[in-house]
Amino acid sequence: MARLSSLLSFSLALLTFLHGSTAQQFPNECQLDQLNALEPSHVLKAEAGRIEVWDHHAPQLRCSGVSFVRYIIESKGLYLPSFFSTARLSFVAKGEGLMGRVVLCAETFQDSSVFQPSGGSPFGEGQGQGQQGQGQGHQGQGQGQQGQQGQQGQQSQGQGFRDMHQKVEHIRTGDTIATHPGVAQWFYNDGNQPLVIVSVLDLASHQNQLDRNPRPFYLAGNNPQGQVWIEGREQQPQKNILNGFTPEVLAKAFKIDVRTAQQLQNQQDNRGNIIRVQGPFSVIRPPLRSQRPQEEVNGLEETICSARCTDNLDDPSNADVYKPQLGYISTLNSYDLPILRFLRLSALRGSIRQNAMVLPQWNANANAVLYVTDGEAHVQVVNDNGDRVFDGQVSQGQLLSIPQGFSVVKRATSEQFRWIEFKTNANAQINTLAGRTSVLRGLPLEVISNGYQISLEEARRVKFNTIETTLTHSSGPASYGGPRKADA
């Protein structure tokens, strides 16, 4: 009995220690008395673009447990495939292009419409040009057709089989892209203007088994400037992961000659991680998303191979809050994009006109990182001590981190203010201070009157004068002349 009691005591002590070491890895990191609008601290230049990195050691980003990166890809620029050890949520701030991800699934895009799989073909999962293969539905149509299929397979192989690869998607301004840890991803700019993509990396995620440093793993190319993301590390050129293996091992693994294996290592390549494509970029391109019918999905049928990873937040007709004279706000969570349930991230897109204001609110269960894509706004943020830790302008290209529970209000000071917020919860929730669904609206008048030492009539005005839920005008106090029609 004594032995059992000692074992239980040891187990409880161990659990307490492990929980404490995890939860308090960075003690007092969120005792912030000042926030700042942040700019990139490092720039990695490449042949056809650049990668701009924010300092994730900045106190407000360290509190949120995230890192932030901006990719600027020039026309005909190809961001070479890479992966991170963290979950990543990206937003296309400008431009259009192509995106590919590689997960542990068979290739589903094939560029030869005449190809039919024969019995001994290694490409038995082919489904035709630009189509996705989901199983073995086209692997034979009965015993009587096997001979014909074999002949077709031999004919097509004689004609030459060009390529098959995993899914490629068109991306455009407003797209939000979710990416699992360890999933290789590439981008190509097939437009005429720069393709700008911003990404948040959840360093504090349970899926990141390394330290709180963003670590890109490159499958191709080299980074001559080294890993500027990791503080204290001597900046040596960062090579792709194939460079670490001997050419002989690569030759055996890929069934190629040693010379080709050496080329895979990119040892003499100083173009960086964004290279310029010479000539046409021939990949299998699916129909544009606007040409495909909208389908109702519940996420239950999705697998890692078929899961949607992209959704567009720039369509006002799909907004959660829309007022033509003020603007709109759209949210993206795991109900809209089920993959976010595993990433434990979500996003909010806002676009408001001059003098429109987002009513004071706080994130109940998430940290938020606000990135300005267009225009300017005046923002105030208040911490748990009731101190105003930020009171100033934010403008295009700047970043502001808003910790959980910190109250924030935004007012557009330019003709239009647009931003994207990344949040560290798959279903982030907000509470408002003013408005129809606010915390003060839910309190009894007596509580408001006694709590703020105001009359019942003043308490009634505090509680009921603002009938909007999210967006309102900031040009002056509301009119008290009569009832107003409630809207968003």
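Just so it is clear, glycine is given a Cβ too, placed from its N, Cα and C backbone atoms.
Some features that Swiss-Prot has for this protein:
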SIGNAL    1-23  signal peptide
DISULFID  C30-C63  disulfide bond
DOMAIN    35-262  domain 'Cupin type-1 1'
COMPBIAS  121-147  compositional bias 'Gly residues'
DOMAIN    311-460  domain 'Cupin type-1 2'
Can you tell which of the disulfide-bonded residues (C30, C63) has the fewest other C-beta atoms within 10 angstroms of its C-beta?
C30
As a quick check of your reading of DSSP, tell me how many residues in the domain 'Cupin type-1 2' (311-460) are helical, how many are strand and how many are coil.
20 helix, 70 strand, 60 coil
Averaged pLDDT score, the domain 'Cupin type-1 1' (35-262):
77
